[in-house]
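The feature NAD(+) binding site is assigned by Swiss-Prot to Arg11, Ile12, Asp34, Arg78, Ser120, Asn314. Residues or ranges marked as D-glyceraldehyde 3-phosphate binding site in Swiss-Prot (evidence: similarity to another entry): Ser151, Cys152, Thr153, Thr182, Arg197, Thr210, Gly211, Arg233. Residues or ranges marked as active site, nucleophile by Swiss-Prot: Cys152. The site 'Activates thiol group during catalysis' annotation in Swiss-Prot covers His179.
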Amino acid sequence: MTRIAINGFGRIGRNVLRALLERDSDLDVVAVNDLTEPATLARLLAYDTTSGRLGRPVTVEGNVLVVDGRRITVTAEREPANLPWAELGVDIVLEATGRFTSAKAARAHLDAGAKKVLVSAPADGADITLAFGVNTDAYDPDLHTIVSNASCTTNALAPLAKVLDDLAGIEHGFMTTVHAYTQEQNLQDGPHRDPRRARAAAVNIVPTTTGAAKAIGLVLPNLDGKLSGDSIRVPVPVGSIVELNTTVARDVTRDEVLDAYRAAAQGPLAGVLEYSEDPLVSSDITGNPASSIFDSELTRVDGRHIKVVAWYDNEWGFSNRVIDTLQLLAAR
């Protein structure tokens, strides 16, 4: 078994543990570090507004979470370098606080005794950025110790971009994600570094920024600098959609585009990219573990100009890719 510690037991940290409980995996979560008291962490794991009840027993014994018989040590340490990873025999740390998102900051987990770190966000200076299934082959265990899993949107965009680039060569493009609100926004109007995100998340359409288009160049280097994009946050708690508008190097037909995505979803990107012919809305894809659910009905083609669209559960889909990436790091 590979011993995993989760630093930060928020939306992604809890969803990763939930998803792991549904898998037959050799990943063993042995520790959680979060500044919240264990009883509150247990309650938030057991009851979730978006995902529903866990359906497995969760109890607390002192500083230990007992989840369906699994014992998980809980610590509340602000500084990663002071965490007891050596003492607990931790192999890989999942850095999920959203705070230690640089290689320099994440390296503190190595100083504390972990062998590798997976950052569940874009990470400046990471040894490699992986969108599982898209550039997995680029991982080298001898070179890559601090790994970034990019973002939920990058993981949704990467399969869209790869298939289209392989088919006809993307020359340039623009992406827009219509994204569920997140905890980083305000529930009511209040101070925020982004004046739009300062406004009440549950009652506003909030135009803002995304780093997904820039990060795609880390996953698919031949697309570096070719894509740009924006984000629009909308009043739903989960379930997002990304639209990619591109100009490609040659004329293609709509059937060619659809055939390419269908083949990828059934072949090399199976489990990461899903192909749908149904008239979906966001609630239909809640709980879907794919990174990217291609909506074939929304495909538009005019010669070299192509628009493709994919849905994604920005929590559950991404959490499943985190697990896939942890398994990759554990195996190699």
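Note that Cβ sites are derived from N, Cα and C of the backbone, with glycine treated the same way.
Annotated features taken from Swiss-Prot, shown on the structure.
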residue	record	DSSP (3 states)
Arg11	NAD(+) binding site	helix
Asp34	NAD(+) binding site	coil
Ser120	NAD(+) binding site	coil
Ser151	D-glyceraldehyde 3-phosphate binding site	coil
His179	site 'Activates thiol group during catalysis'	strand
Gly211	D-glyceraldehyde 3-phosphate binding site	coil
Arg233	D-glyceraldehyde 3-phosphate binding site	strand
Asn314	NAD(+) binding site	coil
With Arg233 (D-glyceraldehyde 3-phosphate binding site) as reference and a Cα-Cα limit of 10 Å, the qualifying recorded positions from Asp34, His179, Asn314 are His179
Spatial neighbours of His179 (site 'Activates thiol group during catalysis') among the binding-site residues Asp34, Ser151, Thr153, Gly211, Asn314, using Cα within 10 Å, are Thr153, Asn314
Cβ density check for Cys152 (D-glyceraldehyde 3-phosphate binding site), other Cβ within 10 Å (all protein chains) comes to 29
Widest Cα pair spacing in Å over the listed D-glyceraldehyde 3-phosphate contacts Ser151, Cys152, Thr153, Thr182, Arg197, Thr210, Gly211, Arg233 is 19
Counting across all protein chains, other CB atoms within 10 angstroms of the CB of Ile12 (NAD(+) binding site) number 23
Among the binding-site residues listed as Cys152, Thr182, Gly211, the Cα nearest the Cα of Arg11 (NAD(+) binding site) belongs to Thr182
Neighbour count check, CB within 10 A, over recorded positions Arg78, His179; minimum at Arg78
Out of the binding-site residues Ser120, Thr153, Thr182, Thr210, Asn314, the residue with the smallest number of other Cβ atoms within 10 Å is Thr182
Looking only at the binding-site residues Asp34, Arg78, Ser120, Asn314, Thr153 (D-glyceraldehyde 3-phosphate binding site) has its closest CA neighbour at Asn314
Sequence-ordered list of residues in the chain of Gly211 (D-glyceraldehyde 3-phosphate binding site) that lie 6 or more positions away and have a Cβ within less than 8 Å of its Cβ, or none, is Pro122, Ser151, Thr154
For Arg78 (NAD(+) binding site), the closest of the binding-site residues by C-alpha position, picking from Cys152, Thr182, Arg197, Thr210, is Thr182
Students should find that the Cα atoms of Asp34 (NAD(+) binding site) and Arg197 (D-glyceraldehyde 3-phosphate binding site) sit apart, in Å rounded to an integer, by 25
Filtered by Cβ under 8 Å and at least 6 apart in sequence, the residues in the chain of Arg197 (D-glyceraldehyde 3-phosphate binding site) near it are Glu184, Gln185, Asn186, Val206, Thr208, Arg233
Rounded Cα distance in angstrom between Ile12 (NAD(+) binding site) and Cys152 (D-glyceraldehyde 3-phosphate binding site) is 10
Here the 10 Å Cβ neighbour count for Arg233 (D-glyceraldehyde 3-phosphate binding site) comes out at 24
